[in-house]
Structure formats: C-alpha cells, structure tokens
Amino acid sequence: MSHMTPSEIVNELDDYIIGQHNAKRAVAIALRNRWRRMQLDETLRHEVTPKNILMIGPTGVGKTEIARRLAKLANAPFIKVEATKFTEVGYVGKEVDSIIRDLTDAAVKMVRLQSMEKNRFRAEERAEERILDVLIPQPTPNNWDKIEENNSSEPSSTRQHFRKKLREGQLNEKEIEINLAATPIGVEIMAPPGMEEMTNQLQSMFKNLAGQKQKSRKMKIKEAMKLLIEEEAAKLVNQEKIKEKAIEAVEQNGIVFIDEIDKICKRGDVSGPDVSSEGVQRDLLPLVEGCTVSTKHGMVKTDYILFIASGAFQVASPSDLIPELQGRLPIRVELEALTPKDFQLILTEPNASLTMQYIALMATEGVSISFTEDGIKRIAETAWQVNERTENIGARRLHTILELLMEDISYDASEWHGKTISIDADYVRSHLDDLVSDEDFSRFIL
C-alpha cells in the first residue's frame with residue numbers, strides 16, 4: 001500500500017497530467033485516507049468507510065489517465081472497468097460481480113509477484129545449484145567411496161571454480177540441457193457470456209488432471225538461469241497464504257475505477273426497462289454499499305473497497321443516475337475543458353510527451369527533429385480550433401493533428417538520414433491550415 005502524502009501523489013500525477021488540480025487532490029486524499037484508516041485501532045477502523053468519488057468532465061481531459069497513473073502509485077489491488085460492458089443479472093452479458101472477481105485475480109497476481117521477489121535470493125541459489133548439477137554431476141554414493149579412498153577434494157573445488165565462473169557470467173553463452181516444468185496444455189472452453197467463472201474452474205480442473213510434468217530443453221545458461229529462478233521462486237511460495245493476503249488486500253485497500261458511467265444513465269425521454277443501464281446501476285448498488293462476493297479464491301467483502309466513477313456527462317447528467325447510486329458517490333469533482341495553453345503544456349511538459357516521442361522515433365532513422373516554441377503554439381491552437389468547430393475530444397485531438405503533421409517526415413525518414421528538420425509555425429500552417437479551413441474535410445480527417 002502506498003505511503004505517499006497527498007502532495008506527493010499530486011506532484012507525481014503532475015508529471016503526466018496537465019491541470020485538473022481538483023481531481024488530483026480528490027484522488028490523492030482518497031488514497032491517503034486508505035493508509036490513515038489502516039493506522040486506526042480495529043474497533044474504529046470498521047466504522048470508517050471510503051468516500052467514493054464521481055469525476056465529471058468532457059472526454060480527453062485526463063479522467064482515464066488519472067486512473068492509469070493512480071494504479072501505479074497505489075501499490076494496492078486496482079482494476080479499471082468500462083460500465084458499458086455489463087448487463088443486469090439474468091441477461092446475456094457480464095455481471096457486475098465479475099468486477100470483484102477480476103480485482104481479486106489482480107490482487108493474487110500482485111501478492112504472488114511480491115512473495116516471489118522476497119524469495120528471489122533463495123531461488124537464485126537453488127537455480128545455481130541445478131545448473132551446477134548439470135555442468136558437474138554430483139557423485140553417486142559409489143563414487144563418493146572412491147573419492148574418500150583417494151582422499152581427494154577435487155569435486156568440491158571444481159564445483160566452486162565453476163560456481164565462480166557462473167556468477168561472473170563467463171558461462172552465459174554455453175548451452176546445456178535442463179529439465180523444466182512443462183506448461184500444462186490449456187483446454188479452451190467456449191462458455192456463454194456471464195459464465196466465465198464456471199469456465200475458469202473447468203480449465204483449472206483439466207490442468208490439475210494433467211499433473212506436473214517435466215520437459216527436457218536445450219538452451220543457453222543465461223536463459224536457463226532466468227527460467228529456473230522463476231520456477232524455484234514459485235515453489236517457495238505458499239499458495240494458500242497468497243490467497244489469504246490477496247483477499248485481505250482487496251477488502252482493505254482495493255480500488256475500482258468505473259469509466260463511462262454516464263453511458264448507463266437512463267434519460268427521461270427513454271421509456272421501458274433497459275438491462276444495460278438502469279439494471280446495471282441497481283446491480284452496482286450492493287457492491288458500492290458493501291456485500292460479499294464469491295470468487296474462486298474465497299469470499300470477498302466489498303465494504304471498504306474504494307469506488308471511483310467517471311463520465312463525460314455530455315448527453316446525460318449526474319442527476320440521471322438512480323438516487324441510491326448518487327448517494328453512494330458523495331465526492332464530486334468536475335474536470336475542466338482544455339484551453340490552448342493546456343494543449344501547449346501537454347505537448348511539452350509531461351514525461352514522455354508527444355513531441356518527445358516523435359523526436360525519439362525519428363532519431364532511430366538518423367533524422368533530427370526539433371519543435372520550435374511558435375510551432376508548438378500553432379499546433380495547440382489548431383487542435384483547440386478543430387475541437388471547438390467539430391466534436392470536442394480533448395487532448396486526443398493532438399494525436400490526430402501530430403500524426404498528419406509528421407506524415408511526410410515519417411514516410412521519407414529513411415531518405416533523410418543525417419538531416420535536421422525544424423517544425424515551426426510556418427511548417428504547421430503549410431501542412432494543416434488547408435485542412436482546418438475546410439470544415440467538411442476537417443470533420444472527417446481531423
């Protein structure tokens with residue numbers, strides 16, 4: 001679980017997302033409150049429930065990106081789902097309970113990797129011994145008798161000599177034949193939508209029936225060492241303890257990000273039941289409020305899982321959500337539409353910004369690209385103008401604009417090896433102004 005303070009979380013998010021300070025503060029406080037709750041005594045801890053968040057803002061302003069970056073910072077079980085993928089219980093489609101099952105699967109994987117990392121040193125020692133056993137086979141009992149008679153320490157000294165060479169990497173390219181656990185042959189079972197849990201259980205059963213077999217493989221020592229370390233680390237892991245820790249991590253620190261929640265709002269002009277909108281909202285209620293979900297790893301309580309929902313709400317409004325669900329999303333944060341200045345910052349400020357990506361890509365062909373300040377300003381203004389005149393898709397417009405701008409350079413890059421190209425305002429105008437001025441053309445191309 002992350003021990004970062006709210007200001008540290010916001011600073012980390014600032015490296016990747018421009019603006020949206022209120023949304024960053026809200027998720028930072030929510031993440032820190034997870035840690036604060038765990039510091040309380042057990043009696044009070046059970047009374048403190050997470051305050052779920054609803055992020056409202058137009059598409060392309062950073063809602064999903066905040067979720068992606070938060071997942072890396074949280075160091076806790078995290079899953080992002082699309083609200084539109086679910087249907088009401090009893091109808092064809094995924095049920096909302098699968099959110100918790102997928103979250104638990106993610107937690108088990110996370111805890112297993114952490115446990116394997118803790119046991120890495122012991123796993124490396126075991127892997128080293130297995131490789132040495134192949135290079136210098138251990139003497140049989142009969143051979144030991146002969147060695148003792150000769151009063152020789154040759155086997156141990158030879159083994160130590162090879163161990164030193166192995167650790168120094170001198171044997172990396174040598175090929176050996178080694179026995180590794182064979183990957184069980186998976187049985188593909190096509191099941192109706194909504195029955196994924198049964199399918200997983202059947203596949204696990206068939207894998208267990210196959211048993212653990214070993215397969216002899218020939219490979220270089222460097223590659224064999226990696227595979228053996230993974231295999232030995234997996235042997236040192238206690239699967240039952242992993243499941244227990246994973247379920248506890250989900251129940252106490254789990255975070256669920258539900259994107260596109262506005263798409264399951266029922267608008268006033270629509271009549272009749274809708275199994276993929278209001279029905280899904282009703283099914284989400286017990287999860288958000290707190291219930292127990294059965295997973296293949298055990299029963300999981302959702303009382304203390306943090307839910308963050310987001311939506312553009314361009315057609316619907318938050319008030320179109322059913323009242324019970326509105327009440328379970330008490331913290332509302334509105335994200336602002338992007339300005340031309342924001343577009344400029346998006347092009348230059350974040351780590352691995354779009355301009356940096358194109359510079360690095362063209363450098364692989366030996367072409368040096370530079371973006372001037374007035375060129376970046378013109379790109380930002382163009383993106384903002386197209387958003388205003390057609391459909392506002394936020395920062396995603398920059399991908400389209402830059403791809404068109406760089407099309408000629410990308411196509412002829414191999415012929416321009418060693419050249420330097422400066423992308424200034426004049427270059428941008430000559431390549432984009434005609435497209436922008438033709439509204440019909442820009443609507444379909446940009």
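Heads up, the Cβ atoms here are built off N, Cα and C, so glycines get one too.
Small disclaimer: the values here were computed from a predicted structure and weren't measured.
These features come from Swiss-Prot:
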- Ile18, Gly60, Val61, Gly62, Lys63, Thr64, Glu65, Asp259, Glu324, Arg396: ATP binding site (BINDING)
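Positions of Swiss-Prot features highlighted on the structure.
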{"residue": "Ile18", "record": "ATP binding site", "contacts (Cβ under 8 Å, 6+ apart)": "Gly62, Leu338, Asp342, Leu345, Ile346, Glu349, Pro350"}
{"residue": "Val61", "record": "ATP binding site", "contacts (Cβ under 8 Å, 6+ apart)": "Gly19, Gln20, Leu335, Glu336, Ala337, Leu338, Gly394, Ala395"}
{"residue": "Lys63", "record": "ATP binding site", "contacts (Cβ under 8 Å, 6+ apart)": "Ala23, Met55, Gly57, Asp259, Ser310, Leu335"}
{"residue": "Glu65", "record": "ATP binding site", "contacts (Cβ under 8 Å, 6+ apart)": "Tyr16, Ile17"}
{"residue": "Glu324", "record": "ATP binding site", "contacts (Cβ under 8 Å, 6+ apart)": "Leu285"}
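According to DSSP, Glu324 (ATP binding site) is assigned to a helical segment.
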